[in-house]
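A short worksheet on the structure shown next.
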Amino acid sequence: MERWSINDSAKIYNLNNWGADLFSINKKGNVCVHPSSNSKHSIDLRALVDDLIKRKIKPPILLRFMDVLQGRIASINRVFKNAIQENNYPAKYQTFYPIKVNQQRQVVEAIANFGKRYNIGLEVGSKPELVAGISFATGNNLPIICNGYKDTEYIEMVLSATKIGYDITLVVEKLFELEKIIELVKKTGVQPKLGIRVKLSSKGIGKWATSGGEDAKFGLRMSEIIAAIEMLEKHDLIKCVKLLHFHIGSQITKIDKIKTALIEGARIYAEMRKLGVGIEYLDIGGGLGVDYDGSKSSNFSSVNYSIEEYANDVIYQIKNICEDAGVECPNIISESGRATVAHYSVLVTNVLNTNTQNIMPDFEATLNEAEKLAPTVKKLEDIYKSIDRYSLREDYHDTLQLIQEAVSLFNLGYLTLNDRAMAEWLYGKIIRKINSIVEKIKPIPEELQNFQLSLRQTYFANFSLFQSVPDSWAIDQLFPIVPIQRLNQKPDVIASIADITCDSDGEITSFVGENGRTKFLPLHKIRKDEAYYIGFFLIGAYQEILGDMHNLFGDTNAVHITFNKKTGYIIDTVINGDATWESLKYVQYKGPEILKRVRDNLEKDVALRKISIEESSHFLELLDRTLLGYTYLGE
């Protein structure tokens, strides 16, 4: 038997590259989570899940590791502190967390509490987010930046909060907003902190490139900035402008795109300072990417730079422009939400079943006993018996042609159902035999490089793709997916992952592999009476809030975990996933009304003796239990 080590598993899933030193594999072959990069302490994910199931917390389970979240905040602030020192930058850096990236109260609360030591702020983009931000700022003097479109009520809320002591900066996204702000400032007499968002010609790259450039949704063009300055000077409000903001998109994969935007943004800042605008902060927005596939490249699911390089370039480029222009360097703000929260949550769920052919009838005896096989079946049998590495290419092509021929003959009535089943069975055996030969050939013939897709099985996992990893479906985002156990054993199956929704789109067919994106995931054969769990990693950004309720599969169970040197871990919070009645409530159904309607109808049937009292009671008991139960599948 071929020797297999945990290092081999780490390699095929590329774990050491996307894991940011936060994930590893222990000697038992289980995935572990570390509280911070290079920490010796860890939590065994498989052992943790087993403990949670003993506590009656069923999969799918969203695991939120709060120490990882704190570690990411600390890392971002540390690299900027180092960059400031190395470049002798004369101003400060400040992190603002954009609530939209993950609005869960416990997440924002953890960021706000831990971030106090770094004077972390919150960025909001709507009235509900503003209210959430104010709730965390209360008693904490937490600074808030307000982006997004604003109506009168939004602006009045900011002005009123400013008046009673909240530290809020109101960013002007459009000129018509400024007119409204000036009107309300005159009406209330409140002097707000104002920011101006500029529309750079520089663009990002990838799915969110349209956040920058001349056609961007938000921001003022150069002519509009001049108009805004004139309007503010006219109303004696130019002194209120404290911040300049730009944003060229999320997940910027190329560092040169960031450098270009920094140069343009810093130059605009310098010119506005020369015009007498007393800007104190330059908010460079988001864009700091996450290396989802570990390739350290400029493809959509990766980045070609490190967090250290990002921070150094930000500080260097801004300082260089300011010194060249002879203006004071600004305090720098970044809104790096994705890089802050992506790593801290892991979804773990169980595999329910597979479409493996192991349960198919064994036609070996039938083939041996059959006096006469259908010609197509006989040809497939002959290929299986004679195939070797020298006839590999030809036999593979013949097999593909013959299986199509079998389907056509069956449809025309020339093959029986049993004939077609034997043809499919032989096709599977031929493909597996080809694979056993191909594995020993270097290099693999070009025509055979994609044939492994014929071997790909479907593993059905207990989750909703649309609820838990919607970006995988919506924008083909790659997320690392790894079995959390048996990684000291060689995987013997290549698979896709299908969810339990009634939608053919609910399947993942692109994965993080050793050499980048791959069309299959190496997994292990399912053992009888042994649970097999897979983990979805780096899903902390956007996935929870973007998830929808396809087939009414609701929120999953969520558990907040902190590390403990003595006990390994402590469960801080358990948030129960949606029960069936809660999912139904989202679409205007009411559990009591459903029960009453069914009960009334059953009583009529009992009275007419169509069913017994016992049958009625049993059904109502099942219905009540289902309404109160988890929307996902049990045993």
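Don't overthink the numbers, they just go from 1 along the chain as shown.
Cβ coordinates are placed from backbone N, Cα and C, and glycine is handled just like the others.
As annotated by Swiss-Prot, N6-(pyridoxal phosphate)lysine applies to K100, with the evidence given as sequence analysis. Taken from Swiss-Prot, the feature substrate binding site covers L282, D283, I284, G285, G286, G287, L288, G289, V290, D291, Y292.
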Task: Candidate nearest K100 (N6-(pyridoxal phosphate)lysine) in space, where candidates are the binding-site residues I284, G286, V290 and distance is Cα-Cα - done: G286
Open item on the list: Taking only same-chain residues 6+ apart in sequence, whose CB is under 8 Å from that of L288 (substrate binding site), what do you get?
Closed with: I76, I252, I307, Y310, S334, S336, R338, A339
TODO: For G286 (substrate binding site), write down the residues of its own chain that are at least 6 apart in sequence and whose Cβ falls under 8 Å from its Cβ; none is a fine answer.
DONE: P98, H247, G249, S250, S334, E335, S336, G337, R338
Open item on the list: As a test of the contact definition, list every same-chain residue at least 6 positions from I284 (substrate binding site) whose Cβ is closer than 8 Å to its Cβ.
Closed with: F246, H247, A261, L262, G265, V314, I332, I333, S334, E335
Task: Cβ-Cβ distance under 8 Å to L282 (substrate binding site), same chain, at least six residues away - done: L243, L244, G265, A266, Y269, I318, P330, N331, I332, I333
Task: Sequence-distant neighbours of Y292 (substrate binding site) in its chain (C-beta under 8 A, six or more apart) - done: W18, S301, S302, A342, Q477, L478, F479, P480, V512, L538
